[in-house]
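In TrEMBL this protein carries:
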- HIS349: active site, proton acceptor (ACT_SITE)
- 11-14, LYS25, GLN78, 83-84, GLY144, GLU158, ASN173, ASN230, ARG319, LYS337, TYR352, ASN363: UDP-N-acetyl-alpha-D-glucosamine binding site (BINDING)
- ASP108, ASN230: Mg(2+) binding site (BINDING)
- ALA366, ASN372, TYR373, SER391, SER409, ARG426: acetyl-CoA binding site (BINDING)
- 9-136: domain 'MobA-like NTP transferase' (DOMAIN)
- 1-232: region 'Pyrophosphorylase' (REGION)
- 233-253: region 'Linker' (REGION)
- 254-453: region 'N-acetyltransferase' (REGION)
Amino acid sequence: MSQRTCLSVILAAGEGTRMKSAVPKVLHLIAGLPMVAHVVKAAEAAGSGDLALVIGHGAEEMRKATQKFAPKAETFVQDKRLGTAHAVLAARAAISKGYDDILVMFGDTPLIDPEVLAAARLKLAEGAAVVVVGFRTSNPSGYGRLIEKGGKLVAIREEKDCTGEEKKITFCNGGLMAVAGKHALQLLDQVGNNNAKGEYYLTDIVEIAGGQGFDVVAAEASFENALGINNRAELAAAEGIWQTRRRREAMLSGVTLIAPETVFFSHDTEIGADTIVEPNVWFGPGVTIATGAKIHAFSHIEGATIASNCDVGPYARLRPGADLRQKAKVGNFCEVKGATIEEGAKVNHLTYIGDARVGAGANIGAGTITCNYDGYSKFFTDIGEGAFIGSNSSLVAPVTIGKGGYIASGSVITESVPDDALAFGRARQRTLAGKGKELRERFASAEAARKKA
Ligand code: UD1
Ligand code: MG
């Protein structure tokens with residue numbers, strides 16, 4: 001099959017009014033990736049080299065977004081929404097380049113499994129002209145029904161055009177079709193719009209191809225493959241299914257999830273074996289975790305690289321550019337952004353480390369803040385290997401703390417500290433014997449005088 005060429009035509013011209021959104025429907029995210037990008041990924045995984053994206057509503061935004069997730073895709077604008085066959089024909093220029101296989105998919109059906117696509121392509125390789133991916137459901141309302149005669153697929157009837165008997169059919173069109181490239185255009189060109197909706201239905205090519213004596217087959221897949229998103233409730237349901245699949249995959253690859261249903265992955269999360277993830281952890285895009293890390297409860301992690309045997313959280317926030325090297329620790333209520341925490345360094349409590357390097361083995365005391373921003377620009381803080389930063393210190397960037405440098409608690413450090421130096425950046429303490437008692441007595445008599453008056 002690998003020698004066969006394949007074009008995927010992804011239909012995404014619909015407005016998606018039920019999303020009640022200024023954002024085109026297919027750009028809404030599942031696991032941090034636009035739903036149409038999930039479809040693109042599946043097409044690519046099934047060996048589809050070329051992509052044609054049919055857009056309409058929000059064309060400019062769609063084009064821009066497509067640049068990011070499918071830079072090689074060609075976009076075609078369907079000016080008027082006259083039906084799914086009409087939409088496919090918007091990509092006529094791509095189809096007519098000549099492909100062995102044409103896959104037609106909907107941009108709002110993000111859970112499509114690449115294996116289902118590959119199986120449909122295989123049926124084309126075996127000689128079918130049209131392959132329809134169907135699913136069975138006890139509630140077929142709204143779907144096109146697959147009409148079979150003598151075990152052969154002869155037509156797809158849209159709900160609105162069904163007879164009472166046909167409506168009882170529970171084998172439905174999932175919306176995914178594979179068409180032999182050499183017949184695709186002539187089949188599509190014959191589709192008319194003489195039906196209840198007055199639309200050019202892609203589904204009509206089943207009857208047309210059968211009438212020409214071509215082989216037309218139905219391939220059954222699970223309902224998830226056909227799950228179309230029309231509103232935010234369905235979006236959440238698809239997210240749920242995606243997360244369930246991903247959690248299982250993570251666990252089967254050696255990751256412990258204590259309460260899997262409370263851990264949320266991103267489309268690109270990479271997480272190594274023997275990592276333990278406690279309950280209520282969120283992974284945003286761009287996270288890579290090596291083996292044996294512990295991610296404690298309630299941590300929020302995005303754009304971060306976590307090396308082996310690191311310890312993160314509970315309640316840690318790792319933002320983009322956080323780079324934790326082996327055995328680094330970032331504890332509770334700490335935020336790390338654009339910073340490297342080198343091997344074995346500890347940032348344990350209530351701290352902000354932004355635009356910085358924390359050298360190997362350094363210890364950052366509770367409440368330390370790297371003051372990286374002056375309201376206009378960002379500056380870097382460099383903390384040397386083995387340095388000790390006393391609690392409640394402010395390191396005003398740009399500033400360097402040398403190797404083995406020692407910062408007294410409560411310091412405001414505005415000047416760089418050389419290797420092995422001790423720095424105090426605070427007023428010296430004064431202790432006055434007996435003065436506490438004297439002060440209290442003075443305040444008490446003043447209050448008594450006020451009450452009398
Ligand atoms: C379609 C199928 C139906 C199937 C169902 C599965 C047809 C005629 N019907 O019905 O058999 O059971 O999907 O979900 O194909 N689109 C365009 N341009 C258009 C029309 C549609 O780009 O002119 C896109 C939409 O944005 C959407 C997809 O095609 O992504 C499907 O269109 P939709 O209107 O949802 O078709 P259904 O009525 O759901
Ligand atoms: Mg639909």
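Placement of Cβ uses the backbone N, Cα and C atoms for every residue, glycine included.
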From the binding-site residues ASN230, TYR373, ARG426, pick the residue whose C-alpha lies nearest to the C-alpha of ASN173 (UDP-N-acetyl-alpha-D-glucosamine binding site). ASN230
Name the residues of the same chain, 6+ apart in sequence, whose Cβ is under 8 Å from the Cβ of SER391 (acetyl-CoA binding site)? GLY365, ALA366, GLY367, THR368, SER409, GLY410
At the level of the C-alpha atoms, what whole-angstrom distance separates GLY83 (UDP-N-acetyl-alpha-D-glucosamine binding site) and ASP108 (Mg(2+) binding site)? 15
Which of these recorded positions is closest to LYS25 (UDP-N-acetyl-alpha-D-glucosamine binding site) if you go by CA atoms: HIS349, ASN372, ARG426? ASN372
Please report the Cα separation of TYR373 (acetyl-CoA binding site) and TYR352 (UDP-N-acetyl-alpha-D-glucosamine binding site) in Å, rounded to an integer. 12
Which of these binding-site residues is closest to ASP108 (Mg(2+) binding site) if you go by CA atoms: ALA13, ARG319, TYR352? ALA13
Using other CB atoms within 10 angstroms as the count, which residue among the binding-site residues LEU11, ALA366 scores least? ALA366
For LEU11 (UDP-N-acetyl-alpha-D-glucosamine binding site) and ASN230 (Mg(2+) binding site), determine the Cα separation and express it in whole Å. 14
